[in-house]
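Notes follow the structure.
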Amino acid sequence: MKIKIGNILKNVVILVIFSLFISKINSEVVKPNPAKPDELVIAFMSPYFDPEYTQYSGAAEYALSKFNETFKTKYSKTIKLHTFTDTNDVIDSLDLVTMPVNGIVGPAYSGSSSTACLVFGAFAVPSISFYATGASLSNSGSYPYFQRVMPDDRLQVQAILSLLKKNGWTRVSCIHTNEDYGNGGADQLVQQSNAQGITVNTNQAIDPVDNGIAPEQLYYDIVFDNLEAAKSRVIVLYALFPPDCLEIWKQAKARGFLGEGFTWIVTDGCAELTGGTDPDLLGVLATFPSYGLGTEAYTDFERTIVNDYNNNTGDAFYKGASFSYDATYAMLMGIEAVLAKGGDPWDGEQVRTELRNLKFNGITGTIAFDKNTGDRLYGEFALLNLINSTKGSFDPIGKINPDSGEITLKSDILYSGPTYKVPSDYQVVVFDRTLNIVLGVITGVCVLIVIGIGSVIALQWRKFRYSSPLFCMFIIIGALMGLASVFTLLPTPTTPLCSGFPWLLGLGYVIVFGTLFTKTWRTWRLFSNARKFKIIRITNKFIITLVGGFVLLESIFMIIWTAVDRPIPLAEPIFKAGEAQLQCTSDSEAWWYVFVFYKVFYILFGVFLAFKTRNVVDSLNESKPITLALYNLTFVMVVAIALGFILRDNPIAIIVIQTIAILLGFTVTVSVLFLPKVWMILSGQQHSMDSIGTSMDSMGRSNGNTTEAESTRGYTNKDYNNQSVGRSFSAHATGFKDVAPSNHPQLGIVYTGGDNFPRVGSSQTAASRSEAEINVSKDVLAKANKKNEEEFGEFFLKPSEDNILKKKKKKKNNNK
């Protein structure tokens, strides 16, 4: 009920006067004598205007009926129950203690108890509250004669936090009614949440509904404006009565805070709800101290209360009646224990002592009191769920042990939506469809560019002969796989898409850069051995095997990752402002770190190869495009990772950065490697990319006029530009008297030492000679060239026509 300023001032004045009176008599309070020596009096104190009052008082009368015969026959005592309303806590409590009474069941709620029990304690009258949960009542110095059968706010908050931790929620908002119960519960929630690493991002108070009159709209607007600013998704509602909750939910529906994505958890104040018939309330959760549901004793008790005692609520049963019964039953057991020991039932200290020694099974479970504070021990909470809007009340679906945090469910939890999927405690960001379409179109353009380059390579295969067109196509295929990974990022994440993204991106990366660097490694190895006049055999089959090894290693890692900790879509909190993005997540982030950082090996290896092949002849030299590709890849990784941390609060920026990083990483790499060559072919500037032959001189050279350093280094661009060396030479050319050529049956003529190769004039080339002079079948020569090219790729040195002619002449002379 709404607290009036006048009542507050009046109560303060009365308490001050009463405190002065208590201090003067030095705690020696003389209680009035009972009206009848053989009569015992139990007082029941609860707000008369509550709809639950008739059931609460009826439950107390029912408990009393269990003891009437025992007290009469065994102790010659009669016991009476006087009911009082707590319209004015101080005045009503003073009236009670001056009746006098042996004990008091009540007051019902924390606000009344916090005042009335001060008076009860001063007059040494034991009391048992059946619905007060305020944590301040546990202060034994202020409330020495206070007991309660309802678990306190501390335990209820522990039960709520157990539910939060079970669902992985770390952010919660709180709304509470502005009175003792709501204020105390909210304070406990904030204190215990902070201690357990759960953030209460906003704590909002609203006055309770007073006789059907709700607070002004302005105050509700303030509450929900703050909830919106905090991007609240999980909301704990500490409200005094169901009408308070219904009014707040009415406002929440108008502001869009009901439905899928929002979780409401109410406490015992609203767990008595009977009017939750709005379908939008489906999925609301409640915690309520266990009240015996499911036991035979509870079933009989509920039937009795509804049918036999004052009940103006139809067939509805209020859970608090179970606690009213247990509180009354405990008070009578304490008084009986005093009588059984020959004690004085009017001695409040004796009654309190026996109460705190009790342990029995009540309707709500095991009843026992803390010997120092009088708090209920063995408290257990029922987890309630609103799953039937026609019924309009909560149904129990499980139990929560607040001490251990254990939650036992007998059915799945229905969340708002309704859905059985656990919602996020963050505002889940849904990316703009228009943005996704734009990113998809850009990715599609990049895919077409790569496909176009690949088509030119396939159609102009021989013109890319010295670039190993087979491996060029491997690079194209890998780039397409990497670009395809973008299309797994744009739709709403699903488990197959989450698993497909690292597979496509990882294999695409390995194929592109594994092929590029392996092919370049072959160039380096061949030319580094050429300066030593060594012939090494590195076939295409060997290169394919190396690339396959890289792919196999990547596949093994991905298989283990997928089997052990497969990425799944979760709404992960990645933004400081209370937002989250539905993203693919594994239990351990170590998988992603390994996935990203071990690929740095490829970058380092690429830098090494680019440096080593910087002086190779132009037709085989890819150091410059590799350097550009590496620079681009390094830049993209560094900038993308840095921006990813800086812009974590911007969900749109995150997806854009991821997409652009992938597009630049693959599209630019393919472009710098192949686009210049493709352009030269398409524009007609160059008819063949292999017009400049690979001569035998590329294996190394030496003559008497060179220095030792020159004779041991590989063949360079400078050497190539200073000499025009054809594909073949004549053994009779001038200056070749010391040449010792080796006629390899597959490699052709290989220079193994001697003077420099001569500058072969145009008149000496094979193109200028007549077919009669060469006298070699072109078909035979073409077949030989094709066979060796397939095995040795661009490093095959064709058998020279001069050599073939020379061998034929030599054979003829030998025959003669």
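Heads up, the Cβ atoms here are built off N, Cα and C, so glycines get one too.
The annotation signal peptide is assigned in Swiss-Prot to 1-27 on the grounds of sequence analysis.
According to Swiss-Prot, the topological domain 'Extracellular' annotation covers 28-436 (among others).
All protein chains considered, the CB of Asn68 (N-linked glycosylation site) has 14 other CB atoms within 10 Å. Look at Swiss-Prot and you will find Asn68 (among others) tagged as N-linked glycosylation site.
Residues or ranges marked as N-linked glycosylation site in Swiss-Prot (evidence: sequence analysis): Asn311 (among others).
What Swiss-Prot records for Asn388 (among others) is N-linked glycosylation site, and it gives sequence analysis as the kind of evidence. In the three-state DSSP assignment, the secondary structure recorded for Asn388 (N-linked glycosylation site) is coil. There are 14 other CB atoms within 10 A of the CB of Asn388 (N-linked glycosylation site), with all protein chains counted.
According to Swiss-Prot, the transmembrane segment annotation covers 437-457 (among others). Listed as Cβ neighbours of the transmembrane segment (437-457) (distance under 8 Å, sequence separation of 6 or more from its ends, same chain) are residues 464, 469, 472-473, 476-477, 479-480, 483-484, 486-487, 490, 655-656, 659, 663, 666-667, 670-671, 674-675, 678, 681-682.
Marked as topological domain 'Cytoplasmic' by Swiss-Prot on the basis of sequence analysis: 458-469 (among others).
If one looks beyond the transmembrane segment (470-490) by at least 6 residues along the same chain, the residues whose Cβ comes under 8 Å of a Cβ in the stretch are 436, 439-440, 443, 446-447, 450-451, 453-454, 457-458, 464, 497-498, 500-501, 504-505, 507-516, 518-519, 540, 543, 547, 655, 658-659, 662-663, 665-667, 669-670, 673-674. Residues or ranges marked as transmembrane segment by Swiss-Prot: 470-490 (among others).
Same-chain neighbours of the topological domain 'Extracellular' (491-496): 436, 566, 568-569, 582-584, counting only residues six or more beyond its ends whose CB sits under 8 Å from a CB of the stretch. What Swiss-Prot records for 491-496 (among others) is topological domain 'Extracellular'.
The transmembrane segment annotation in Swiss-Prot covers 497-517 (among others), and the record cites sequence analysis as its basis.
Here Swiss-Prot flags 518-541 (among others) as topological domain 'Cytoplasmic', drawing on sequence analysis. Taken as a whole, the topological domain 'Cytoplasmic' (518-541) shows an average pLDDT of 65 in this prediction.
Sequence annotations record features per position, and here Swiss-Prot assigns transmembrane segment to 542-562 (among others) based on sequence analysis.
Residues or ranges marked as topological domain 'Extracellular' by Swiss-Prot on the basis of sequence analysis: 563-590 (among others).
Counting same-chain residues at least six beyond the ends of the transmembrane segment (591-611), those with a Cβ under 8 angstroms from any Cβ of the stretch are 502, 506, 509-510, 513-514, 516-517, 520-521, 524, 557, 561, 565, 623, 626-627, 629-630, 633-634. Residues annotated as transmembrane segment in Swiss-Prot, with sequence analysis given as evidence: 591-611 (among others).
Annotated topological domain 'Cytoplasmic' per Swiss-Prot: 612-625 (among others), in sequence order, evidence recorded as sequence analysis.
Feature annotation from Swiss-Prot assigns transmembrane segment to 626-646 (among others).
Long-range Cβ contacts of the transmembrane segment (497-517) within its own chain (Cβ-Cβ under 8 Å, at least 6 residues beyond either end) map to 471, 474-475, 477-485, 488-489, 491, 546-547, 550-551, 553-555, 557-558, 561-562, 566-569, 584, 595, 599, 602-603, 605-606, 609, 622, 626, 629, 633, 662, 665-666, 669-670, 673. Taking Cβ pairs closer than 8 Å, the transmembrane segment (654-674) reaches residues 431, 435, 439, 442-443, 446, 449-450, 453, 456-457, 467, 472, 475-476, 478-479, 482-483, 485-486, 489-490, 505, 508-509, 512-513, 516, 574, 581, 622, 625-626, 628-629, 632-633, 636-637, 640, 643-644, 647-648 in its own chain, all 6 or more past its ends. Per-class residue totals from DSSP over the topological domain 'Extracellular' (491-496), listed helix then strand then coil: 2 helix, 0 strand, 4 coil.
In the three-state DSSP assignment, the secondary structure recorded for Asn68 (N-linked glycosylation site) is helix.
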